[in-house]
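Here the structure is laid out as structure tokens; the discussion comes afterwards.
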Amino acid sequence: MEHLVGIFTRVSQVVTDPFAVRESKGEEYLRSNLVETSEFVALHKINGYLDIILINPQKQAQVFRLCHLPESRLKEAKELFNVASENLSILCKCSSECYKTTTLQAICTTLRTRNIWSPAHVAVDAGLTGVYNKSGHLQEWLDSQACENHFTPLHLACHLKLTQVVKDLLKADVSLKKCDDEGNTAIHVTVNNGSLDILELLCDHASTENINILNVAGESALHIACKQNRFEACKILLKHGADPMVPGIIGYPIHYALKYGSQQSLQALLEKYPEQVQQHCQKHGALPLHWCKTPEDVNLLLKFNSPTDEASRQMHHPLHVMVLRSRLEAAVALILGNANVNGRGKNGNTALHLAIIHDYVMLVKMLLLFGADHSLRNDFGETPGLLAVRSNKPNKEAIVEMLSCIGALTLGSPKKVFLSDNTSANNSIPIKQGDRLLCLDGGGVKGLVLTQLLMAIEKVTGKKTKDLFDWIAGTSTGAILAIALAQGRSAVEAQRLYFRLKDKIFSGSRPYKPEPMEEFLKEEFGEDATLSSISDGPHLIITATLADRKPVKLHLFRNYETNVADEQMPHYSKKVSESDLRKLTKTRSTDSSELLWKVARSSGAAPTYFRSMDKFVDGGLLSNNPTLDAITEIHRHHKQQGRKMNLRSVVSLGTGQFPTLLARSVDVIWPTNPVALVNTALAGIELTQMMVDVATETNFHVVDRARAWCETIDANYARLNPCLSEEIYLDEKDDTKLLNIMWETQIYIHNNKDLTASIAETLLGGSKVQFSS
């Protein structure tokens, strides 16, 4: 039924539409009155109507009725006749396609609605091919701009994406310099509509001068490709000589790519012309770095050595622009790329001044965390704190409290937030000579808490962590940090490492692919570097779990020579084959030949997050807080050498503790009804989580045991582990959440500055230190 309705509709349109082209019998017009005639076209009056007909001179009997108007529309009919006779007499000589109903319909519609078009434009619009010869019937119109917007036939063919027509026109040597009303060449038009094959054809025939023509808006084809994120078009243009140094009204193509979020075009530009990072835009006198909107943009420009602290015409540094535009993640990326967080801009304002002026709470928090100096004054003598107090914006109270919490403002006693019960030290023990041990908990990206704590210790002591400790033990994320510190990196550099890590390896869904993690570790630690390469620094103890047996076994990677023969040997089942037994009992006198990246990967192979590394999984399953195992290892090592262990100080750092919650029932019983079934399932989930929590516990009894052991050997023990307001997953990527836990850690450090100073004094052998916010 629908099919019949469709047929009826089309037939009705033909019948009722006076401009519907249809093939007719020539004898119909033998007895009609001829009004006007030309070479191929005639106007007849028949039965009260005016018909314009086209006669095929090769087939006199083939007649096409082009329109069917009442006599009252004589003027209109004559106008159409004139247009049709003028154009069809040319087009019909060019191609026999003109004697097909569909082609004729397209031509006639164009002639009626676009009566100023040249025959060449009409031919292009109808899709005619093989008719654009230098010496052909359309020769004089091949570069005609007889079109509403002054398109040439080439413009029109490009706009309609007619590849063969474009080939024909280029073969006829049409001009590529002609511009439409907006100054666009055919190349501009092609880039706009994204036809890559046509663009390639045009560029093959165009000179570099034609490729780089600017339109009225001051944009070359390359500007438009960058503006519209047509990176493949960008590559084609660059390959054929498009000049990225041609300035537009706003700036160079690279500025357009950044303004309009065309990162792939940005990549293409930088790969071919890396010096583009130095170009200043026409609008602001700003570098491409000023125009960044995302951390990916920032990182890409920094990869090509973009300056980070150059001022624009308005005296803004790139970081200042990120703050003014409230681009938190881009601002973080800039600072991680070593932008000066305290750089002065217009009126002497720093990024922190601007963040407070514009009431951006998270940016204020971020800048303070990354070392913004709250004591700097602008050209008007104003500190950031003074601006905060004077502010009348909605977030004034929050910003003032933040500054107060870290001692930047004195407004009475700051509110103490989320202090940990596991913050402790046995400072009553006199300071003695001896080894100093640093222990770093596991916790994924929460290793940022560890770096924040270490930054405070390094700031107070004025030394790198490597120079403060004789032993460093780490688990999982703590292992990555331990290796980085042992290689000589500062805590600030390690903090940057974590921001790079979370963006590179936590991609997709769990479990994550191991390759990004492994490539990252190779880049950071060296693909061929081994544990033995860290020979002039502290002794390293890295925990991992041997998961090729039941029960699993703790394994320690070391960067020093040792003999593990005296370790307690397990009893193996008789069911284990001889070959498997040899694998399980194979021992090595040292792990110092192990590659650093493999060691870090083995310790951080957290189940459900990453696949195992050979036979190892995450060390946190057995030693998430490695303090006890590290002291045991030091004791064993000294005993082997016939010496007594002599620990001066043990500093244990945690990755944050979450608020205690009420647990559900853990009674797993045989269900007798649907409700009991649901309760049992929930209890099973709760019990499973409880066992994971017990296995990976780093606080409470674990800390009590470590403290007690240190007291028995007269070693100073300090535990720093801030309580956090919300649970953070090991693979968290959100900068806002990560900045929040760093901020809570910073408040914790400020509120425990006496303990931090005491730790520093112990590490320095009794030298007095002064803690400053």
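Each residue, glycine too, has its Cβ placed from N, Cα and C.
Remark: secondary structure over the repeat 'ANK' (149-181) totals 16 helix, 0 strand, 17 coil, with classes taken from DSSP. Among the features that TrEMBL reports, repeat 'ANK' is placed at 149-181 (among others).
The repeat 'ANK' annotation in TrEMBL covers 217-243 (among others). With a cut-off of 8 Å between Cβ atoms, the residues of this chain six or more beyond the repeat 'ANK' (217-243) that come close are 182-183, 185, 187-188, 190-192, 194, 196, 199-200, 203-204, 206, 208, 211, 249-250, 253-254, 256-257, 259-262, 264-269, 272.
Among the features that TrEMBL reports, repeat 'ANK' is placed at 347-379 (among others). Within the chain, the repeat 'ANK' (347-379) has long-range Cβ neighbours (under 8 A, six or more residues past its boundaries) at 317, 319-320, 322-324, 326, 328, 331-332, 335, 341, 385, 387-388, 391, 393-396, 398-399, 402-403, 406, 408, 452, 492, 735-736, 739-740, 742-743, 746.
Residues or ranges marked as domain 'PNPLA' in TrEMBL: 438-631.
Residues or ranges marked as motif 'GXGXXG' in TrEMBL: 442-447. Same-chain neighbours of the motif 'GXGXXG' (442-447): 475-481, 498, 501-502, 506, 604, 606, 609, 618-620, 624, 654-656, 696, 698, 728-733, 738, 741, counting only residues six or more beyond its ends whose CB sits under 8 Å from a CB of the stretch.
Residues or ranges marked as motif 'GXSXG' in TrEMBL: 474-478. Packing against the motif 'GXSXG' (474-478) from elsewhere in the chain are residues 439-447, 450, 540-543, 603-604, 606, 618-620, 623-626, 655, 730: each is 6 or more residues past its ends and has a CB under 8 Å from a CB in it.
Under DSSP, Ser476 (active site, nucleophile) is assigned to coil, being neither helix nor strand in the three-state scheme. Packing around Ser476 (active site, nucleophile) is summarised by its Cβ count: 33 other Cβ atoms lie within 10 angstroms of its Cβ, all protein chains included. If you look up TrEMBL, you'll see Ser476 marked as active site, nucleophile.
Among the features that TrEMBL reports, active site, proton acceptor is placed at Asp618. Sequence-distant contacts of Asp618 (active site, proton acceptor), defined as residues of its own chain at least six apart whose C-beta falls under 8 angstroms from its C-beta, comprise Gly442, Thr475, Ser476, Ala544, Thr545, Ser603, Gly604, Ala605, Ala606, Pro607.
Averaged across the repeat 'ANK' (217-243), pLDDT in this predicted model comes to 96. Classification of Asp618 (active site, proton acceptor) by DSSP places it within a strand.
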